[in-house]
Amino acid sequence: MSDNRTPLLDKIASTEDLRRLDKSDLPSLAEEVRHEMINAVSVTGGHLGAGLGVVELTVALHYVFDTPRDRLIWDVGHQAYPHKILTGRRDRIRTLRQKGGLSGFTKREESEYDPFGAGHSSTSISAALGMAVARDYTEKAHNVIAVIGDGAMSAGMAYEAMNNAGAMDSRLIVVLNDNDMSIAPPVGALSAYLSRLLSGKTYRGLRESGKQIARKMPRAIFEHARRAEEMARGFFTGGTLFEQLGFYYVGPIDGHNLSHLLPVLENVKASELGPILVHVVTRKGKGYGPAEAAPDKLHGVNAFDIVSGTQFKPKATAPAYTKVFGETLVREARDDNRIVAVTAAMPAGTGLDIFARSFPERTFDVGIAEQHAVTFSAGLAAEGLKPFCAIYSSFLQRAYDQIMHDVVLQKLPVRFAIDRAGLVGADGPTHAGAYDLAYLGCLPKIVLMAPADEAELTHMIATAVAFDEGPIAFRYPRGEGVGVALPERGAPLDIGRGRIVREGGRVALLSLGTRLAECLKAADDLTSRGLSTTVADARFAKPIDTALIDRLANEHELLLTVEEGAQGGFGSKVLGHLAETGALDRGLRVRAMTLPDRFLDHDKPEAQYETAGLNARAIVAKVLEILPRMSEGRSRGGLGVVRQIVLT
Ligand SMILES: Cc1ncc(C[n+]2csc(CCOP(=O)(O)OP(=O)(O)O)c2C)c(N)n1
Ligand SMILES: CC(=O)[C@@H](O)[C@H](O)COP(=O)(O)O
Ligand SMILES: [Mg+2]
């Protein structure tokens, strides 16, 4: 608060206003931002701990740098809520992740202060380097700053970017926000290295870090000496990894102490050095007890009670698919010691935390490194183990070449457990599991399954355990199952065989995955309109069950496929098959219902499916849209009664 008790935040419409404040006001401003953020997220839910940890850093960066002219890029973007509050979006902060509201990540369309959109991790240094090189090329002079977390720093892409940046002299500032946490506790040698880096050093304040920078100026002199100096520092003084990669390392700095942060950032801004890495140490969840105490559990939250930190979770009516996966895999692994599990920094998100509790020595968290996770799994499989590589559908996109080149081409029996398949709600388009059916379905010989409910998931896990001939994948959505009884043990399925769930006469709905429940609702509705409807569960997107498809095609007037995936997936395969067999020439009506060919914004999942036209209502509408036309055609041939039935 300022002296007259007007909140400082009320005076800040833009970062220009922030920069007009006296430095002495900044700690109070930071506290206000923190309270504002806690308040907002307590209502909206969202990513809590990461943003709280960078409140002071955010204030300092906008105070020192001339944003948006200077480009500030937040890695992942899940920590950008304080940034949004300070960059003209405070009035909409309580719309975070709600329909029509602010995105939970940075987004170019949303603000000029978001020069690069994110959601997936470890892209910031590459993007920032590209922007820095473009700036130099166009002879501009602004700064480019990437802020990347210690977790995100575990991904290969960050090193690809540093490798490139370290060999160039482009002025680029990377702030490493080291809170010693990923979503789960961080893993790997780099994390251990950062801890060692900290343990030997006390925080550097103004004088020390000022010296760190001053040592490296002026640019002209430094340019000549640069390589020699780097080598000397690297070899003789045991310089940091970052220095050896060609960066100037500044830090470690207490990221909650504005009187340390500001002068260091000012020095960094004033320097003309090539890539600089500022190592800032923060605490995830800072300033909110429950988030500090359990940074993993309060990484992402539902709406919550601020006093107790208790989250408001709707009562579950069925177990989550993720939990069913974790528990089923434990049961399978008790009988098969070749089963091992791989996660890329998402043990709780994928349910492998459950597996890890029973089999810690058979669980491998490789960090945010999906590409490595896949090829590492390929190696495990090559030696006869049964790796279950559990990765969210959208993050698996990262590892496409590894899937093709390291797994599928070599026919290695890696089992892909693809969580968050389909629309995911508040995380929006970056996290939607829309494409796996298309991007995996075109790979030769891969087996691709999608359970209709949680019991089917247990069967598919058993199928994957039993299947040793090559790669096999099963994809399932975020959230709860449908509440069916779970079998004691899953039973392996016949590869490539679907099932009829309900027999009808005129319309056939062929569902892949958990839209089956919507298909059954649609079938009830259609039947009540006189359109007897068969519902089948394809189970396999690859190989498709051609016998089942041919039967549906031969015995019905209209065949609709329904899947929670983009165009080019299961439906395309069915259409291709029917075209090939001549069923289309014989007058069969076929439609593939998929996600639309556009990105869908964050919203509640049910609302997203309504927008996507992939629920019971849309299925019924689609059938009614096609059959009147069909009945008109048929009526010329004497089936006029159809029209009458449909229109009632
Ligand atoms: C490619 C990819 N894999 C996994 C994730 C899931 N994820 C989001 S944030 C996060 C942890 C990031 O840790 P860090 O960079 O240290 O940021 P912090 O949350 O600690 O601030 C993970 C694993 C992701 N967003 N992108
Ligand atoms: C930022 C990020 O990528 C994760 O935190 C993600 O939001 C988790 O999603 P789930 O809640 O579906 O695990
Ligand atoms: Mg971290």
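Each residue, glycine too, has its Cβ placed from N, Cα and C.
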Exercise for the section: Given that TrEMBL annotates G119, H120, S121, G151, A152, N179, Y288, E370 as thiamine diphosphate-binding, name the residue from H78, H83, H260, H405 that shares the site. Expected result: H78
Problem - Recorded thiamine diphosphate site residues H78, G119, H120, S121, G151, A152, N179, Y288, E370, farthest C-alpha pair in Å - result: 32
Practice task
Could you state the whole-number distance in Å separating the C-alpha atoms of H78 (thiamine diphosphate binding site) and D150 (Mg(2+) binding site)?
Solution key: 14
Practice task
Find, among the binding-site residues listed as D150, E370, the one whose Cβ has the highest number of other Cβ atoms within 10 Å in the structure shown.
Solution key: E370
Problem - Inter-residue Cα distance where the pair is D150 (Mg(2+) binding site) and N179 (thiamine diphosphate binding site), in Å - result: 7
Problem - Cα distance (Å, whole number) from D150 (Mg(2+) binding site) to E370 (thiamine diphosphate binding site) - result: 16
Problem - Other CB atoms, at most 10 A from the CB of H78 (thiamine diphosphate binding site) - result: 24
Completion exercise
What remains of the binding-site residues H78, H120, D150, G151, N179, E370 after requiring a CB under 6 angstroms from ligand 3 is D150, G151, N179
Exercise for the section: Provide the number of Cβ atoms within 10 Å of the Cβ of N179 (thiamine diphosphate binding site), excluding the reference atom itself. Expected result: 24
Practice task
Would you mind listing, in sequence order, the residues at least six apart from G151 (thiamine diphosphate binding site) in the same chain with a Cβ closer than 8 Å to its Cβ?
Solution key: S121, M181, S182, I183, P186, A345, G367, I368
